[in-house]
Amino acid sequence: MKIERIEWKRLHLPLKDPFEASFGRLAKRDFLLISVHSEGETGYAESVAMPFPYYNEETTDTILYMLDAIMIPMLLKSPIERPEDVDRLFSSIRRNNMAKAALEGAVWDLYAKQQGLSLAHALGGKRKEIDVGVSVGIEPSVEDVVRKVEGFVADGYKKIKVKIKPGFDITLIEALRKRFGDSLPLMADANSAYTLDQLDLIKELDHYNLIMIEQPLAHDDIVDHARLQHQLNTPICLDESIHTAEDARRAIELGSCKIINIKIGRVGGLTEAKKIHDFCQANDVPVWCGGMLESGVGRAHNIAITSLPNFTIPGDTSASSRYWAQDIVVPEVDFLRPGILAVPDGPGIGYAINWSAVEALKVQEKSYSHTNVTI
Ligand SMILES: O=C(O)CCC(=O)c1ccccc1C(=O)O
Ligand SMILES: [Mg+2]
């Protein structure tokens, strides 16, 4: 697999409605669409960092720097046979997982296309359809969230995740249970907004039959989460705290969580995502695929990894129309049946790029080949 050219295009894609979590509010997506070219095929992926370092330490600009100064030159000068070689190549670079994942993901798509396989199949996924849920942001009032959830329930989403923060938690969950009853598959994501000092408040959430509580405590903690899990009936799911399969092993050994949210970007790529999946499967810990408000390209990667067998809980990969007036893929990501997405069986990610949409959203771009990169 001789990599001849690598490009990024920086896109600004406006959200239909601003999305808010305890870490901040977002009105548009600012991300890099990555293309990796080899022998007539092109692999695609996108960078998933937020524009601010409040979810994790990366931003679109830190990714741009890492790709431009370090990772693209490294990739262009290294012999690559399989996508796992990219994971190995970048293993000496500490963290910067979303930068690594953006390039590694494009090489996975390229590799699958060169083998004539769907990305799902290349990863070892067998599932042809996946159940999906939706993540609902914080709104000005509890009633606003209830109204939004009404729409998503009507759409047929299989899991409703709501964002919570101190002062916007028990009253919200209470209102949702009152309106939709106990059988609605409901969970809450705190994005690290609480500490163990709020134990009594967090324990109140035990009364609402939540499927799980996602990342209640600090982004870099597994010790307090273990103490909390031992006093909580509701399963804890870790998102921010898990960056590697080793992190997953430690958290599971300690009893810090009963479920893991796998995000390809947060863990540095599909190779590591698959390792976490496999470790969790061997230890009877279910996983699901988290979202980062991706365009259709990132959504396609999420669908592919979700075809693996231990993704037994509906993820955050909703339809394109949940976020975008127009997505950058054709066809757009849409339900096969309510709450169900088809896993594409065409080569690679199974979606084409809508280049006229990309050109309209583009704010910056750069192309690299052996002739313009000093290696
Ligand atoms: O719909 C999605 O893509 C998931 C939205 C979401 O919850 C989220 C979005 C941005 C950053 C972090 C998170 C999260 O899961 O914590
Ligand atoms: Mg989360």
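The backbone N, Cα and C atoms fix where each Cβ goes, and this holds for glycine too.
Under the heading domain 'Mandelate racemase/muconate lactonizing enzyme C-terminal', TrEMBL lists 142-235.
The feature active site, proton donor is assigned by TrEMBL to K163. Of all Cβ atoms in the shown protein chains, 24 besides its own fall within 10 Å of the Cβ of K163 (active site, proton donor).
Marked as Mg(2+) binding site by TrEMBL: D189, E214, D239. Around E214 (Mg(2+) binding site), the C-beta neighbours below 8 angstroms that are at least 6 residues distant in the chain are K161, M187, A188, D189, A190, N191, I236, C237, L238, D239, N261.
Long-range neighbours of K263 (active site, proton acceptor) (same chain, six or more residues apart, CB within less than 8 Å of its CB): V48, D239, A273, C289, G290, G291, M292. As annotated by TrEMBL, active site, proton acceptor applies to K263.
Mapped onto three states, the DSSP output places D239 (Mg(2+) binding site) in coil. Ligand 2 lies under 6 Å from the Cβ of the following recorded positions, listed in sequence order from K163, E214, K263: E214. Compute the center of the Cβ atoms of D189, E214, D239, which mark the site for Mg(2+); besides them, the chain residues with Cβ within 8 Å of that center are K161, M187, A190, N191, I213, Q215, C237, L238, E240, N261, G290. Taking D189, E214, D239 as the candidate binding-site residues, the subset whose CB lies under 6 angstroms from any atom of ligand 1 consists of D189, D239.
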